[in-house]
Amino acid sequence: MEIKFKKMHGTGNDFIMIYYEDYPFEQHFNQLAKEVCHRHFGIGADGLMIVKESSVADVQMKYFNSDGSEAGMCGNGIRCFAKFVYDEGLVKKEIFTVETLSGVKELQVATVEEKVSSVRVNMGKMVLDPKQIPVNSEGLQFINEQLMIDGEKYTISTVLLGVPHTIIFMETLDLDRVKRVGKIIENHQLFPENTNVNFAQIINQNTIRVRTWERGAGYTLACGTGVSSVCGIANHLSLVGPNVVVEIEGGKLDIEIAPEGDIYMEGPAKDICKGVYLNSLIK
């Protein structure tokens, strides 16, 4: 079976977009994500996004990590999703809503020559309750807790912003450490549904550098929910102000923390290529 697709990226975090109508076999979405996202045997991407009609928003986004697991939200992905549905004419307004597993998100697109160049997303408010994240903890929140990994002590904080995110503030960022420790914490028994892991370096009151190990995807060049969570907890701890530029390996993202607690993320979304995937699941 042939499936039309478009490949896109948001600051280096790359995704495959397909229409639900072109592949309405929900029982195969998990396996399809594994296949198309494979860097050697598929198209290659961090995740698969499926565009579907919604009864509660302008459009629905179903998101699957490269390991086939479904996720409630993806910050860089939803920017690419917004560009896709706007550029394809599925929505015709610059402010619209997207249904996700973590709720309805409001987005605003900026256009150049009638094509989306950047997207601003209301990521919502951080959830601090360990039971909702979830974290195996009896406290009211899980902030600045100590965790031993391979004989080293790490101070970690975990929040829910669509998906679980664990934040570790470091003096310097070491990619080998990010990959080694990130994988261990992702699968730690503290987190019954696993967790994303963000290593953050405070540059100044308005700038943070972040590297992320994503749950279900591994190391990625960018993570929108991750940088939003980092800024949210950094602001909560008075480490940064309400407006932050986040430096990630794939570029930069702008984060604003509103007085009421909503976190806004703004950044680019770009097309890479489009084509036809020769799927092996459905003949």
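Cβ coordinates are placed from backbone N, Cα and C, and glycine is handled just like the others.
According to Swiss-Prot, the active site, proton donor annotation covers Cys74. Feature annotation from Swiss-Prot assigns active site, proton acceptor to Cys223; the stated evidence is sequence analysis. According to Swiss-Prot, the feature substrate binding site maps to Asn13, Asn65, Gly75, Asn76, Asn196, Glu214, Arg215, Gly224, Thr225, an assignment based on sequence analysis.
A map of Swiss-Prot features onto the structure.
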| residue | record | contacts (Cβ under 8 Å, 6+ apart) |
| --- | --- | --- |
| Asn13 | substrate binding site | Asp46, Cys74, Asn76, Gly77, Thr220, Leu221, Ala222, Cys223, Gly224, Gly250 |
| Gly75 | substrate binding site | Gly10, Val121, Met123, Gly162, Cys223, Gly224, Thr225, Gly226, Val227, Ser228, Met265 |
| Asn196 | substrate binding site | Val163, Pro164, His165, Thr166, Glu186, Thr212, Trp213, Glu214, Arg215, Cys223, Thr225, Gly226, Ser229 |
Cys74 (active site, proton donor): tally of other CB atoms within 10 A of its CB: 30
Those binding-site residues listed as Arg215, Thr225, and which of them has the most Cβ atoms within 10 Å of its own Cβ: Thr225
CB-centroid shell, 8 A cutoff, substrate site Asn13, Asn65, Gly75, Asn76, Asn196, Glu214, Arg215, Gly224, Thr225, site residues removed: Asp46, Gly47, Ala71, Cys74, Gly77, Val163, Thr212, Ala217, Thr220, Ala222, Cys223, Gly226
